[in-house]
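Peer 1: Can you keep this structure in mind? I'll have questions shortly.
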């Protein structure tokens, strides 16, 4: 420790530098958001609650290819399918366990018909474990409720897909 360092520590140079830094930021504009009352803007790529979409004629989009089930790293998706009378295949069961889901978005990327999507909805809860187990009917209801926002987000992000 040299004489210069000794004199600097004697006059508490580090303390003064720290106080100066604190003083500069003390009067700066606050950036804290008071969450329930104020909301920050969300990206169109936000990954929230899952939804199943329908075509404009009301028919569900999912063709039961099971790509989303295969690619899910958390194994949160369960699909069962059945043949229709017209020969096409559709889901008879499509369940997502949100307690397992890591919201990675792989299911959304793997879907060839844009049937399963992640919405901007993040304010949902469950009081029991079973409340976070979404069935096909629940996912279709979420999709029907938020279809306008989903379609707008898909249109905005189309050039990046």
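Glycine is no exception: its Cβ is also placed from the backbone N, Cα and C atoms.
Here's the feature list from Swiss-Prot:
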BINDING   62, 65, 68, 111  [4Fe-4S] cluster 1 binding site
BINDING   72, 101, 104, 107  [4Fe-4S] cluster 2 binding site
DOMAIN    52-82  domain '4Fe-4S ferredoxin-type 1'
DOMAIN    92-121  domain '4Fe-4S ferredoxin-type 2'
Peer 1: Over the domain '4Fe-4S ferredoxin-type 1' (52-82), work out the mean pLDDT and round it to an integer.
Peer 2: 96
Peer 1: Rounded to the nearest angstrom, how far is the Cα of residue 104 ([4Fe-4S] cluster 2 binding site) from the Cα of residue 65 ([4Fe-4S] cluster 1 binding site)?
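Peer 2: Just about 19 Å between their Cα atoms.
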Peer 1: What is the interatomic distance between the Cα atoms of residue 62 ([4Fe-4S] cluster 1 binding site) and residue 107 ([4Fe-4S] cluster 2 binding site), given in whole Å?
Peer 2: 12
Peer 1: If I restrict to non-local contacts, at least six residues apart, and a C-beta distance under 8 angstroms, what lies near residue 72 ([4Fe-4S] cluster 2 binding site) in its own chain?
Peer 2: 101, 106, 107
Peer 1: Within 10 Å of the Cβ of residue 111 ([4Fe-4S] cluster 1 binding site), how many other Cβ atoms can be counted across all chains shown?
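Peer 2: Total other Cβ atoms inside 10 Å, all chains included: 20.
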Peer 1: Which residues, sitting 6 or more apart from residue 68 ([4Fe-4S] cluster 1 binding site) on the same chain, put a CB under 8 Å from its CB?
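Peer 2: Within the chain, residue 68 ([4Fe-4S] cluster 1 binding site) has Cβ neighbours under 8 Å at 77, 79, 106, 107, 108, 110, 111, 116.
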Peer 1: With the cut-off set at 10 Å between Cβ atoms, which of these binding-site residues ends up with the most neighbours? Options: 62, 101.
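Peer 2: The largest 10 Å Cβ neighbour count belongs to 62.
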Peer 1: Are there any residues in the same chain, six or more apart in sequence, whose C-beta is under 8 angstroms from the C-beta of residue 104 ([4Fe-4S] cluster 2 binding site), and if so which?
Peer 2: 47, 73, 74
Peer 1: By a simple count, how many Cβ atoms lie within 10 Å of the Cβ of residue 65 ([4Fe-4S] cluster 1 binding site), its own Cβ left out?
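Peer 2: Neighbour count, Cβ to Cβ under the 10 Å cut-off: 17.
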Peer 1: Taking the recorded [4Fe-4S] cluster 1 site as 62, 65, 68, 111, identify the other residues of that chain whose CB atom sits within 8 Å of the mean position of the site's CB atoms, giving them in sequence order.
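Peer 2: So the additional residues around the site are 63, 64, 66, 67, 69, 79, 107, 110, 112, 113, 115, 116.
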Peer 1: Using the Cβ centroid of 72, 101, 104, 107 as the reference point for the [4Fe-4S] cluster 2 site, which residues of the same chain not in that list have Cβ within 8 Å?
Peer 2: 68, 71, 73, 74, 76, 77, 96, 102, 103, 105, 106
